Amino acid sequence: MTLIDGFTETAASARPRSAATRIWNVVRLHLVDRRTYIGIPWLIVGMAFIVTVFIAQIIGFTTGGLGTADAIEGQRYSWAVMSPQWYLVVVGVQAISFGFPLALGYGVTRRDFYLGTALLFVLISAGNAIAFAVLTQLEQVTEGWWIDTYMFNALWLGLEGFWVDLFSFFVMQLLVFFVGASVATIYMRWRMPGMLVFWSSLVLLIVATVTVITFTSNWIPVSVWFGAQGIAGIFGWLLIPAAIAGVGGFLALRRATPKN
Amino acid sequence: MIGTASPVVRVDGLTKRYGKVTAIDDVSFSVHANKIYGLLGRNGAGKTTIMQLLTGQQFATSGTVQVFGESPVENARVLQQVCFIKESQKYPDSFRADHVLASAPWFFANWDAAFADRLIEDFRLPLNRPIKKLSRGQLSAVGVIVGLASRAPLTFFDEPYLGLDAVARQIFYDRLLEDYTEHPRTVILSTHLIDEVSSLLEHVLVVDEGRILMDQDADDLRGSASTVVGKRTDVDAFVAGRDIISRDGIGGLASVTVTGLTESEQHVARAAGLELSPVSLQQLIVQCTTSRAGAGTGTADFRGSGRTDTTSRTIGAETDNTSKTDAWSTRA
């Protein structure tokens, strides 16, 4: 550093921070309001549980008793365990739509912001996966919290043991965050035209896939293929769209600009 | 240019186009360390775009921007030294002011928590109310507090006082000046309230229609024009052959603003029974930008040959009447 450079930066020059510190600070920025990622999702889980208890009692009353195999099987169709996900996909959107302009205002680079946001998603997904997998086990051990009420042993959870629950929930949670974030990133980068292209391409892709499978009479092989994958296999495949959303979001955000 | 140090900001041939709209048109200027700059201009002149280009928030179409000697785009070394407070800053929906003030120190290494606390009291900012529910002025106070307490070596304030009352604005100016004196840094302030900040500014950059119209030392600029008032015949005789910025008159009286009068010339004018009054920075800039719009000339001098009636109205007797109002919004 030359003398002139030293003078330019003056006494006011700020001590530079390492990349790891900068990225971690983005994680902290997202978590400075703990309600967003922790408080409200668990409040929703709590509310869903109370509702589930009531519904379980209704099922018990109409079917002539909880704790029967039929009643337990019936509760498996409940989506209560997924109730925070509708909120969390919005959180994924807002992580970008609110977080990005704020982080840029704080002098954060797009790269640091995205890496910090992705790290946050991974950490929260891991935390949620552990919590839900453990709650699923506890629910089995306590035989439905001692009142034959099953909320966490629902859909695919609780069928193939702790590790499959842990892995599948982790992937599902990552997918929810990154899908929300990447849609917001497309908007941040290309605004309304980007949204139109994205959503119409997505609809066309789905319709085309259904058309091709139908016209080639392949629905049975497709369902057989899905059946053969098992729960862990299907969620393994879902890592692909999660990764596409994650990497695609990064590439799109590198040239995005905040709205005025 | 002043000083031997290399400039904090160096902009060369900077152009920014949005589709067919040219927001910034081949702009070049430098910003030197530890001065307060005024970035002035009408709405839509390109002030915010320039600030966004300097902070890497927008990408230049062509030209170069160097901040602390490097491109600011995606450059953590540069951006860590920069704080950009804009009037339109968005915050997460659920945020309260205390969330902003808790997180800002993680991003600004020079953050002074005691100073921030003092500013919170000065501005009477409610910390526990959701930002969505804050008044426009309180929202501006959040930005002002972050901008001041961050003590970033290069601080941008983009119209930071929207909705702030006169007392709060004065607090902002006072605190900025006090803290700037103790902790010298480079400040770039865009504002409509030119006369209010006039004494604060050391250098003025005037932007109009994406171009730099004026790039001058504020003291030089303040002394660069005077208004001559008197009998029309006397005034006309005195100003003949001079650079006239604007002209106004009622009956037999005339009031003409001209550039650059020397001591002796001022003496001559007084001897001829003419009254001389200084022209405020705000009036100068208003005349400069409106006459340009009227005349459609591209020059950066003060020749207001194409001035309109609206131009003339602000000059003359009401030297200070307009000073506490928005320079342009009153001129719809």
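Using N, Cα and C of the backbone, Cβ positions are placed for all residues, glycine too.
From a predicted model like this one, the values you see are computed outputs, not experimental measurements.
The feature transmembrane segment is assigned by TrEMBL to A:37-59 (among others).
Among the features that TrEMBL reports, transmembrane segment is placed at A:86-106 (among others).
Taken from TrEMBL, the feature transmembrane segment covers A:113-135 (among others). Residues of the same chain lying 6 or more positions beyond the ends of the transmembrane segment (A:113-135) and with a Cβ under 8 Å from any Cβ of it are 22-27, 29-31, 37, 41, 81, 92, 95-96, 99-100, 103-104, 152, 157, 162, 165-167, 169-170, 173-174, 177-178, 181, 246, 249-250, 253-254.
Look at TrEMBL and you will find A:155-184 (among others) tagged as transmembrane segment. Using a Cβ-Cβ cut-off under 8 Å and counting only residues 6 or more beyond its ends in the same chain, the transmembrane segment (A:155-184) has close neighbours at 76-77, 79, 81-82, 85, 88-97, 117-118, 121-122, 124-126, 128-130, 132-133, 136-137, 139-140, 198, 230-232, 235-236, 238-239, 241-242, 245-246, 248-249, 252.
Within its own chain, the transmembrane segment (A:196-220) is flanked in space by residues 183, 186, 190, which lie at least six positions past its ends and keep a Cβ under 8 Å from the stretch. As annotated by TrEMBL, transmembrane segment applies to A:196-220 (among others).
According to TrEMBL, the feature transmembrane segment maps to A:226-253 (among others).
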